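As recorded in Swiss-Prot, the features of this protein are as follows:
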TRANSMEM  12-31  transmembrane segment
TOPO_DOM  32-603  topological domain 'Lumenal'
COMPBIAS  45-55  compositional bias 'Low complexity'
DISULFID  Cys135-Cys365  disulfide bond
DISULFID  Cys356-Cys432  disulfide bond
DISULFID  Cys471-Cys488  disulfide bond
DISULFID  Cys523-Cys538  disulfide bond
DISULFID  Cys563-Cys578  disulfide bond
Amino acid sequence: MRRKEKRLLQAVALVLAALVLLPNVGLWALYRERQPDGTPGGSGAAVAPAAGQGSHSRQKKTFFLGDGQKLKDWHDKEAIRRDAQRVGNGEQGRPYPMTDAERVDQAYRENGFNIYVSDKISLNRSLPDIRHPNCNSKRYLETLPNTSIIIPFHNEGWSSLLRTVHSVLNRSPPELVAEIVLVDDFSDREHLKKPLEDYMALFPSVRILRTKKREGLIRTRMLGASVATGDVITFLDSHCEANVNWLPPLLDRIARNRKTIVCPMIDVIDHDDFRYETQAGDAMRGAFDWEMYYKRIPIPPELQKADPSDPFESPVMAGGLFAVDRKWFWELGGYDPGLEIWGGEQYEISFKVWMCGGRMEDIPCSRVGHIYRKYVPYKVPAGVSLARNLKRVAEVWMDEYAEYIYQRRPEYRHLSAGDVAVQKKLRSSLNCKSFKWFMTKIAWDLPKFYPPVEPPAAAWGEIRNVGTGLCADTKHGALGSPLRLEGCVRGRGEAAWNNMQVFTFTWREDIRPGDPQHTKKFCFDAISHTSPVTLYDCHSMKGNQLWKYRKDKTLYHPVSGSCMDCSESDHRIFMNTCNPSSLTQQWLFEHTNSTVLEKFNRN
């Protein structure tokens, strides 16, 4: 080869190499080279970068789908590394070490969670990455729609609201966030007025809207959605923390199918010490019982994916945290404007999207923490009823299945739902399917856990101890209270059953206070072979709440391998090593169904 040609080839090779190796530096915001926020344990306010400012750590590898669509890794590896190095109060989602002085009721009174603790944790605190390990290697579409993030609030705590905003800014690719819209539902706390305006002026992507009167959560969300400019609307609550790479997995599913509503996995931020952890059972399908309480049920084997980090269908959303294509949201009519304050809206939007041509998914690789309040700290305006909202949803969407609700809540039957003609017309114009279709094709696994027609109970009435002649009694105990042994009121000839001594051994193989038609929502629960028997929220998942009533009259607890026993001297009811000859371990139900009991024991 001649020298001139050789030099030319070398020059071309150098140019090509330079093009390959040239860093792809995007206009990414600095993660948190921040000014101090004045809170212990962390750096402060997120600050918008100067134009053109970027980070070499944001460089991404690009992959390709078979149809030519580009995929890329959206993780901010440098930000993740910095988060891993953070130490201080609440960092890595660890519990704040509370003192007795910080546990006082005053700390919870205004917000329903401990605002003293919240104020001592950095607004930019780090969170544990509790996603499935497969999420680390997932790639999403390189070109994704942007989103308006709508955060409604009413008298929210300062640090909890700001931490919500900071977590979104810190853990979202800036080009995917069209705006963050804070919608103030007529708050009257001073820190949410000019101080909030001044603080949020630091962030060009954040704006604040304010209602002129108390509208409630539902209509406040609608106000935010009405001014949104993003391709997608993402709703969050005002006391959340977005976790690592939470946004691209949501937007990717909508980019592939605009009629998909997507929900992040909702983790729990403890209302006392702000520890961050998964919900019990983690990935589960959203459901409801026939009193319209939200429930979670296991993913059935038929729907389980080979990769547990893949999205999965869910019949019903939890409510406050989801993303939806903006145009699709309005094609569906948004929320029913006749729904008041809050409650029932998650059912309305869930039924609507499934029955009217869309779908809904939970996204395991998108996680957002949420503070579940100890109690609701504000009053619902006079005349507003959650029951009315539920009746309205039932009348518009549930067809003949509404009757199952009215059977359990007879007070709903004659309650006015207001004028639903417009909503029924919307349903007709969208050519929506029937609720029977929804129950048959989408929520087909729900009746296994919450059947419309309650199967017969195995036993009910008083539970009398053979050895002592005394009865199990709740003593009007609150959740978590131990069951007690007391004199049997039926034996004293009282005219009516004492509600504290009436129990039902249900078809779920749990034992609940109340007669078969009116059972309560808490169950006999035991955690070990020596523990007291306590009343705990019924979860319908067996486990600690599974009981067997055997032919020898013992109440056997399979998880602990022990039997329910009692002590007459101190009125305790507790678990003990099974001894069929012990009369204090033998119990008599007032009424039994031998067919059901035989089935239980056979299983």
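Glycine is no exception: its Cβ is also placed from the backbone N, Cα and C atoms.
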Cβ neighbour count within 10 Å of Cys488 (disulfide bond): 20
Assigned conformation of Cys135 (disulfide bond) - DSSP reduced to three states: helix
Residue pair Cys488 (disulfide bond), Cys523 (disulfide bond) - Cα distance, angstrom, rounded: 20
C-beta crowding around Cys578 (disulfide bond), within 10 angstroms: 19
Cys365 (disulfide bond) and Cys432 (disulfide bond), Cα-Cα, nearest whole angstrom: 31
Integer average pLDDT (0 to 100) for the topological domain 'Lumenal' (32-603): 89
Other CB atoms within 10 A, centred on Cys563 (disulfide bond): 24
Nonlocal residues around Cys471 (disulfide bond), in sequence order (Cβ under 8 Å, 6 or more apart): Glu462, Ile463, Arg464, Asn465, Leu485, Glu486, Gly487, Cys488, Val489, Arg490, Gln501
Inter-residue C-alpha distance, Cys538 (disulfide bond) and Cys563 (disulfide bond) (nearest angstrom): 20
